[in-house]
Structure formats: structure tokens, C-alpha cells
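Report on one structure; see the data block that follows.
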Amino acid sequence: MQMIWALFTLVGFAIGGCPYMEGEPAIKARQPMGSSAEDHFLDEFTVDDSNSYLTSTVGSKIQDDKSLKAGERGPTLLEDVITLRKIQHFDHERVPERAVHARGAAAHGVFTSYGDWSNITAASLLNQTGKETPVFVRFSTVAGSRGSADTVRDVHGFATRFYTDEGNWDLVGNNIPVFFIQDAILFPDLIHSVKPAPDREIPQAATAHDSAWDFFSQQPSALHTLFWAMAGNGIPRSYRHMDGFGVHSFRLVTNEGTSKFVKFHWKTLQGKASLVWEEAQILAGKNADYHRDDLWNAIESGNGPEWEFGVQVVDEEDALSFGFDILDATKIIPEELVPVTPLGKMKLNRNPRNYFAETEQVMYQVGHVVRGIDFSEDPLLQGRIYSYFDTQINRHGGPNYDQLPINRPHVDVHNNQRDGAGQNFIHLNTAAYSPNTLSNGSPRQANQTVGNGFFTSPTRRVEGNLVRATSPTFADVWSQARMFYNSLIPVEQQFLINAMRFEASQLKSEIVKSNVLIQLNRVSHDIARRVGEALGMQAPAADPTYYNDNRTAFVSIFNHTLPTVRGFKVAVLTSDAGNGSLSQAAALRQAFAPAGVSVVVVGERLVPGVNATYSAADATAFDGIIVASGAEVLWGANATSTLFPSQRPKQILSDGYRWGKPVGAMGSAEGVLRESGVDTIPGVYAGGDVQGLVKGFVEGLGVFKFVDRFAVDS
Ligand code: HDE
């Protein structure tokens with residue numbers, strides 16, 4: 001242990017390049033984890049530049065704002081190592097972005113076990129009530145590049161690293177519990193089809209193009225996941241408002257060696273919530289960092305999000321007893337069949353201090369499991385185990401990526417792996433092989449397989465002839481897509497159909513369009529007919545083999561109110577010409593504060609008390625909109641101003657209403673509601689009493705989307 005601490009210090013010293021720094025030393029002594037709220041495992045790698053002189057990368061004090069020239073107007077000299085090194089370092093600042101999931105944001109947090117779960121797993125993070133384990137969680141979209149917009153429609157990554165006291169466990173999951181394909185060998189095909197066209201690199205971060213739907217309709221295993229993505233799950237309100245899933249079946253293994261299949265779940269304690277498509281599209285331009293912003297601000301304002309961690313546990317012999325194969329990642333186990341047992345809770349409470357060092361360099365790996373957790377034979381999972389190790393070599397440039405501060409486990413690492421690019425450690429053992437006598441046999445084998453349920457559960461047994469084949473138990477890829485659709489409320493089904501209309505109507509190939517209708521028709525004739533209508537195409541005759549009336553209660557996003565609205569934003573529209581609207585906005589701010597809702601005061605100019613101007617504000621940025629009394633002047637003769645685009649205040653109100661948000665108006669502003677096309681139906685609040693209005697409005701924020709405002713066709 002001592003040696004590792006010493007090495008960490010040396011490494012930090014090299015990274016910090018700080019021997020000549022003045023003021024606070026950058027390298028702090030390592031403290032035991034969790035001894036104070038400020039303690040953090042990355043502290044020793046931080047560099048504090050306050051009160052310091054510039055130095056070269058090897059510590060000499062330098063001036064680096066003017067290159068060394070032969071004469072004031074002469075050429076820069078080759079011997080100007082300061083300029084050369086600075087530019088060279090800049091030239092190499094980027095590492096390859098992730099091949100998928102390039103766009104994302106992350107945060108630190110803590111996982112707390114609800115109990116001692118050693119009856120189902122030997123995993124040490126779950127063996128004690130109240131036991132805390134640090135985590136680092138990265139959320140992402142899949143298809144877009146690193147600079148793409150947050151609110152594009154996509155599956156979202158939900159990757160969690162647990163820094164357990166027995167090594168790192170990475171649960172690299174998504175916000176959708178199923179996946180497009182059943183076998184890892186198809187992953188490059190899937191991704192090539194959804195990524196932009198190879199000739200013109202269009203479109204960015206979108207599946208509304210021929211190759212994606214060509215693949216989806218040729219590989220119908222994609223349908224179930226596609227349905228989830230076309231529904232609200234593809235456009236969550238924020239990372240905080242989505243669930244997470246391990247997707248595959250894994251195994252939990254006890255110290256006694258018994259094992260069971262499990263599906264891992266993260267259930268958001270903020271409640272599931274989604275945008276509507278038009279909002280998401282506009283946000284992609286107005287604020288491409290919408291989700292990133294939300295997560296960052298929620299944590300900074302003390303509203304760090306929480307998820308409950310749970311498992312569905314299935315006996316090994318029941319793998320095929322539900323009418324599908326639990327090794328097939330295109331299937332969920334409906335919670336009515338196997339309820340989710342909550343095991344613990346995670347809270348994110350700390351933002352990264354450096355995006356590159358932490359969020360960009362975190363390298364999750366499905367193969368990082370700890371004692372008590374084992375894989376399953378899911379062929380998709382098997383391929384992932386390889387892919388994540390391999391891709392990190394491409395990103396990092398060598399095999400020592402696990403030594404980066406964010407990737408280090410919080411336990412000692414001893415093995416005979418040596419050297420490689422960027423080796424951080426100075427290994428003292430000169431007998432880097434096993435078995436040895438020269439190092440007293442160390443590091444020694446720690447074979448815990450039998451009796452201790454290490455990586456591999458001792459009861460696992462496989463046999464079979466070598467085949468390149470899909471198991472017949474994976475054959476039905478339509479029934480669960482249908483069950484998913486059946487389980488949505490009508491307006492949500494409409495959103496899904498509208499999303500498909502949006503995407504399919506942009507397809508150029510008539511063959512692809514017709515193949516899409518053939519596949520949709522296998523799920524539901526009604527869907528095929530309604531999507532076909534927008535394409536000007538007739539759906540094929542009903543194809544009822546997989547039609548069913550199954551439903552599950554746990555997949556709808558729009559059928560519940562949110563348990564908390566903390567971290568939400570309400571716009572209060574004001575006018576500095578309006579009588580007292582700014583002071584009313586201040587009173588509203590105070591009244592919303594106890595609910596954890598922040599108020600953004602919008603006005604014509606950034607005068608004191610105003611946080612945003614009409615020239616920049618837009619309804620997409622807010623979860624609710626209130627017009628303060630006095631602001632009605634902007635609806636009348638002053639509706640046109642050079643300070644903001646024509647009719648902008650009215651547009652903010654009517655857009656918010658149209659997108660299902662709670663809206664309201666106070667006192668003399670009440671008349672603007674009708675004038676802006678706002679009918680008095682649920683989710684519209686009016687009155688002169690600040691406290692009374694806020695009480696109702698907070699409930700409206702919990703409803704989040706007033707769905708009666710959206711038309712449903714048949
Ligand atoms: Fe990934 N996936 N994936 N994936 N995946 C990557 O690894 C891959 C799959 C997921 O925030 C890559 O480090 C294959 C399912 C997340 O850093 C890469 C297959 C699920 C993230 C890779 C899958 C995921 C990745 C790219 C099919 C949900 C982002 C960069 C066999 C359970 C992690 C990287 C982060 C990232 C391969 C399918 C989730 C290329 C081969 C299923 C959340 O290795």
C-alpha cells in the first residue's frame with residue numbers, strides 16, 4: 001500500500017511539473033477516502049496554477065507569448081524550443097473521439113447499498129447496509145460526433161464506474177433496456193448504417209436517412225429498440241430524467257458459488273420525462289449543450305440527481321421459461337413477471353474539474369467486473385467484452401490507459417504487465433513473471449474461482465457443436481415491439497408514429513420505404529397504415545402472426561407525475577416599461593425557491609433583476625412560463641421592438657403552451673393568455689396571488705407535459 005501511495009505521488013509530481021511553483025503546493029498528501037466532504041480521489045492529480053510563473057514542460061521558468069526571432073521582423077528560429085514545444089503539444093491535444101457515444105457529459109457521485117446482499121452476490125459493494133462506493137457516471141448519445149447537439153433523437157448511454165474496494169466494476173448501459181442486434185458481429189454494420197453517409201458526411205447525429213432504415217428493415221431485430229427510441233426515450237428532458245439498464249442478462253454469484261441471472265436497472269428518482277420532438281429540434285440549435293448544462297447546474301445548485309439501483313433475478317433454469325430467451329438483448333423481462341428488487345441508491349454530487357482529463361479520458365469496459373458479478377452467454381455481451389478493451393488502445397495510444405487518474409482503481413494493482421507507452425509506474429519487482437522464486441512467488445495467484453464466486457461462476461457449463469447460427473429462441477423479434485407500443489398512452493403512440501413519419505418521409509429509396517412498412521406491419525397494421533399515410537403509400541395487408549394484446553406497466557413516460565421538480569426552470573416574462581413586473585418576478589423567484597425551481601426573469605434589457613433578454617430567450621429553455629403583471633404591454637403596441645424579434649414574448653408563451661408546458665399569467669397580464677392562443681384547460685394558471693399561483697404551478701411542473709394539448713389521429 002505504502003509503495004503505491006509513493007508512486008502516485010511521484011506520478012502526480014511529474015504531471016504537475018510543479019517544483020518551481022509558488023504558493024499552494026499542487027501535490028497534496030493522499031487522504032483516506034471519505035474523511036471529509038472535500039476529499040476526492042483525483043485531488044492529488046490536480047494542478048493549481050494560481051500564483052505561479054509559466055514553466056516549460058520540464059519546469060524551467062519561461063516567457064511564452066513571443067517567439068524567438070532573428071531580428072524584430074525576422075523569421076522564428078528553430079532553436080526556439082519554447083514555441084516549438086508549445087505548438088507541438090497543441091497539435092497533439094486531441095485523442096480520437098469514441099467510435100460511438102462520442103458526445104457526452106459525466107459526474108462523480110456515491111453509491112450506497114441498502115443492505116447486505118451476500119445472499120445473492122459476493123460483490124463487496126453490496127455486502128453491508130449503508131456501504132458507500134464512489135462512482136463516475138457518463139451519459140451520452142450514440143451516433144453523433146463529439147460536438148453534436150445533446151437533444152438529437154438517439155439511444156442514450158448510461159455508463160457507471162463503481163470504484164469498489166475490490167476493484168473497478170463498469171456497468172456500461174443505456175437508457176433503453178434492449179438493443180438493436182442480437183450478435184456482436186453485426187455492430188459495425190449497425191453503426192455504419194446510422195452514421196452519416198460516407199460520401200458527404202450527412203446527416204449528423206440522426207437516423208432520418210436511407211442507410212439507417214435500410215438496416216432497420218433488413219435486420220428486424222432492431223425494431224424493438226427502434227420503437228423505444230422513436231418514443232420519448234429517444235429525447236429525454238435531461239440525463240436526470242431517464243432510467244438506465246444493463247441491457248444484457250448478467251450473473252450474480254455468491255461466495256458459496258451459486259449463481260443467478262440478473263438484469264440491472266437504474267430507476268430515476270427524478271421521474272422519467274421527455275421533450276416533444278419540435279422542442280428537441282429547436283434546442284439542438286438554441287442550446288446544443290442543453291443536457292450538459294442541466295446536469296452541471298443541477299449538481300452545482302445542490303440538486304444532484306439520484307437513481308435507485310435494482311435487479312431482476314432469474315434462476316438459471318428459468319432462462320427460457322418466459323416465452324423468450326433472456327440471453328437475447330432485444331427482450332425485456334416485463335416487471336410483472338419478475339419485479340425489480342432495489343439494492344441501493346446512487347447520487348451524483350460533484351462535477352468534473354477538467355472535461356478532458358475526466359470525461360474524455362474515462363474508459364469504461366464491459367469486461368471490468370468484480371468478484372460476485374459474472375457474464376452471461378448473451379452473444380452481444382460476449383463481443384462487447386472484447387471491443388471495449390480494444391478501442392481504448394486506439395484512443396489512448398497504448399495499453400496503459402488503466403493508469404490514467406480517472407481510470408485507476410482505488411485498490412493496489414500488482415501484476416506482471418510491463419512497459420508500454422505512457423507507463424506511469426516504476427515497478428521494483430525484477431522478476432516480472434510467474435511462477436517465480438526470486439520475488440518469493442509474488443505477485444501470487446489469487447484463485448478465488450471455486451468457493452468464492454470470482455469472475456466465473458463455478459456452476460457455469462457450456463457444450464455444443466461449433467455453429468455460426470442464431471438460436472431459434474431468438475427468432476421472434478416483433479412481439480415485444482408490439483407489447484411496447486400497446487403499453488404507451490395514445491398521445492405517446494402518436495409521438496412514436498409522428499417520429500417514424502418524420503424519419504421515413506426523408507427516405508429517398510422507394511424500396512427502403514416499402515421494406516419499412518412491411519416490418520412495421522408485422523408489429524401492427526395500424527402503425528404501418530398511419531406511417532404509410534404520411535408517405536403516400538398503402539400499407540400491406542395485415543400480417544398478424546405476432547400481433548398481441550400484451551402490455552407492461554413500466555414503460556410509459558407520459559402516464560405519471562414527477563416525484564420532484566427540483567432543478568427545473570421557470571421563465572417569468574417581464575417588461576421594464578410594465579408597472580412593477582420586475583418586483584413581481586422577484587416575489588415569484590422567492591416563492592419558487594423552496595421547491596428547488598429556479599426563476600429566469602426575461603426582459604427587454606439586462607437591467608438589474610433581469611437574467612435573460614427576449615433577444616436570446618426561447619420557450620425551449622424553460623419548463624414553464626409565467627407572464628408577470630405589467631408585461632402585457634409587450635403584447636400590444638410594443639409587440640414589435642428592435643430589441644427582440646417581432647412578437648417574441650407572445651411566441652415564448654404560445655410555444656410553451658403548444659409544447660405541453662405549464663403556463664400562467666398574473667393580474668393585469670391575464671388577458672395575454674387568450675391573445676396568445678392559450679385556452680383555459682389543465683396546466684394554465686392565472687391570478688393575482690403569488691403564493692397561490694406558485695403552488696398550483698409547481699404541481700403543473702410535476703405533470704410536466706399536459707398531453708391533452710396534442711392532437712391524436714386514428
Ligand atoms: Fe457500446 N461501445 N458496443 N454498447 N457503449 C462503446 O467503447 C460496442 C452496446 C455503450 O461513456 C465503445 O469506450 C459493441 C450495448 C455505452 O465512455 C465501443 C457493441 C450497450 C458506451 C463499443 C456495443 C452499449 C459505449 C466506443 C455490440 C448498452 C459509452 C468507445 C456488441 C448495454 C461509454 C468506448 C462511455 C461505447 C462497442 C453495444 C453501451 C466501440 C461492439 C448493447 C454507454 O467499444
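Even glycines carry a Cβ here, placed using N, Cα and C.
Quick look at what TrEMBL annotates:
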| type | residues | note |
| --- | --- | --- |
| SIGNAL | 1-16 | signal peptide |
| DOMAIN | 55-442 | domain 'Catalase core' |
| ACT_SITE | His101 | active site |
| ACT_SITE | Asn174 | active site |
| BINDING | Tyr388 | heme binding site |
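Where TrEMBL records a feature, it is marked here on the structure.
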residue: His101; record: active site; DSSP (3 states): coil
residue: Asn174; record: active site; DSSP (3 states): strand
residue: Tyr388; record: heme binding site; DSSP (3 states): helix
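Confidence across the domain 'Catalase core' (55-442), taken as the mean pLDDT and rounded to a whole number, stands at 97.
Note: the CA-CA distance between Asn174 (active site) and the residue listed as 'heme binding site' rounds to 15 Å.
Working note on the recorded positions Asn174, Tyr388: by count of other C-beta atoms within 10 Å of each C-beta, Asn174 ranks first. Listed in sequence order, the residues of the same chain lying 6 or more apart from His101 (active site) and placing their CB within less than 8 Å of its CB are Ser140, Thr141, Val142, Gly157, Ala159.
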